[in-house]
Amino acid sequence: MEEKMPELPEVETVRRGLSALITDKKITKVTLIYPKIIQGDTQTFVKEMTGRTFKEIDRRGKYLLFRLSDGLTMVSHLRMEGKYSVKENNEPLDKHTHVVFDLVDGMQLRYNDVRKFGRMQIVKTGTEVQLSSLQKLGPEPTPETFLIDDFYQELQKKKKVIKTALLDQTIVAGLGNIYVDEVLWMTKIHPETKCFDITYQQAKEMHDNIILELNRAIKAHGTTIFTFSGVNAQIGSFQNELNVYGKKGEPCPRCQTPLEKIVVGQRGTHFCPNCQQLAK
DNA sequence: AATGATGTTAGAGA
DNA sequence: CTCTCTAACATCAT
């Protein structure tokens with residue numbers, strides 16, 4: 001079973017796993033095999049990264065923030081299929097390795113991305129919050145930062161449907177196609193419900209479920225092993241914990257009605273036509 | 001063989 | 001500003 005990568009829980013898992021492998025490692029060389037992965041001037045990127053040391057890794061939404069020595073930060077987004085791995089420098093490169101960071105100890109941090117959608121750029125630490133991509137992010141989905149009253153107010157203002165709204169990262173950061181479907185199923189809300197039609201009570205339940213589900217996923221991934229080769233899912237990983245995503249035609253775990261798949265905002269959307277009805 | 005779908009988001013246009 | 005649609009790309013299923 002191949003591991004699906006990049007919603008908040010997966011990015012968080014990569015952050016934790018990678019931290020243990022590269023913290024305090026100095027970069028001796030940077031190789032750009034497919035330079036379009038880099039945003040901004042590529043030569044500047046190589047020049048600035050080379051000779052720096054990886055410090056802690058932070059995360060904001062689905063963005064990884066690699067802190068480096070001398071007040072620099074590499075901002076990295078995995079998009080659809082980006083993956084990091086740490087391997088010995090004599091191991092042959094994968095077909096889809098696009099960026100290689102040689103480390104002092106003969107290891108390499110490698111960035112793989114079949115679809116080449118992922119992006120990375122270097123900025124001065126602290127200025128990353130000014131990037132348009134990070135600036136527009138809503139709160140992190142934690143009880144301290146994601147506040148129910150704000151959430152409800154935001155929903156009241158929006159004219160689009162809830163599935164699309166949750167995906168756009170501005171109301172709350174970190175949800176992707178899988179967990180949005182899961183959260184809406186948990187909350188018994190139809191994905192095409194207009195945001196302004198959602199009641200305070202529903203918003204409250206959805207808010208709690210968002211925090212719950214993402215934490216549950218992070219915890220489940222905690223049993224995942226981050227090896228030198230990348231993230232290895234343990235047998236029976238989170239795939240088994242999903243209730244609706246990728247389960248078209250299977251019985252709803254709550255009411256046994258066959259699950260359906262529709263398109264909402266150009267994204268495949270899984271839901272239970274019985275549990276999640278459109279109020280009209 | 002051709003078409004459509006795949007975890008995301010920036011950017012264009014309405 | 002808000003919202004919708006498309007492009008970026010490779011692979012796999014139909």
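Cβ atoms here come from the backbone N, Cα and C positions, even for glycine.
Just so you know, TrEMBL annotations never went through curation; they're auto-generated.
Residues annotated as domain 'Formamidopyrimidine-DNA glycosylase catalytic' in TrEMBL: A:6-118.
In this structure, A:Pro6 (active site, schiff-base intermediate with DNA) belongs to neither helix nor strand by DSSP; it is coil. Cβ neighbours of A:Pro6 (active site, schiff-base intermediate with DNA) (same chain, under 8 Å, six or more residues apart in sequence): A:Lys62, A:Leu78, A:Arg79, A:Met80, A:Glu81, A:Gly82, A:Gly176. Annotated active site, schiff-base intermediate with DNA per TrEMBL: A:Pro6, in sequence order.
If you look up TrEMBL, you'll see A:Glu7 (among others) marked as active site, proton donor. Its own atom aside, the Cβ of A:Glu7 (active site, proton donor) has 20 Cβ atoms within 10 angstroms in the protein chains shown.
What TrEMBL lists as active site, proton donor is A:Lys62 (among others). Around A:Lys62 (active site, proton donor), taking its Cβ as the centre, 23 other Cβ atoms fall within 10 Å, counting all chains.
With a cut-off of 8 Å between CB atoms and residues at least 6 apart in sequence, the same chain places A:Arg79, A:Met80, A:Glu81 near A:Arg115 (DNA binding site), listed in sequence order. Residues annotated as DNA binding site in TrEMBL: A:His96, A:Arg115, A:Lys158.
Annotation source TrEMBL lists domain 'FPG-type' at A:243-277. Here the domain 'FPG-type' (A:243-277) has Cβ contacts under 8 Å with residues 160-161, 163-164, 167, 177-178, 181-182, 184-186, 188-192 of the same chain, all six or more residues outside its ends.
Packing around A:Arg267 (active site, proton donor) is summarised by its Cβ count: 15 other Cβ atoms lie within 10 angstroms of its Cβ, all protein chains included. Annotation note: A:Arg267 (active site, proton donor) sits in a strand segment as assigned by DSSP. Sequence annotations record features per position, and here TrEMBL assigns active site, proton donor to A:Arg267 (among others).
Packing around A:His96 (DNA binding site) is summarised by its Cβ count: 17 other Cβ atoms lie within 10 angstroms of its Cβ, all protein chains included. If you compare Cα positions, A:Glu7 (active site, proton donor) sits closest to A:Arg267 out of the recorded positions A:His96, A:Lys158, A:Arg267. The two recorded residues A:His96 (DNA binding site) and A:Arg267 (active site, proton donor) have their Cα atoms spaced 25 Å from each other. Across the residues the record lists as binding DNA (A:His96, A:Arg115, A:Lys158), the two Cα atoms farthest apart are 40 Å from each other. The 10 Å shell around the Cβ of A:Lys158 (DNA binding site) contains 17 further Cβ atoms across the protein chains shown.
Across the structure, A:Lys158 (DNA binding site) and A:Arg267 (active site, proton donor) place their CA atoms 19 angstrom apart.
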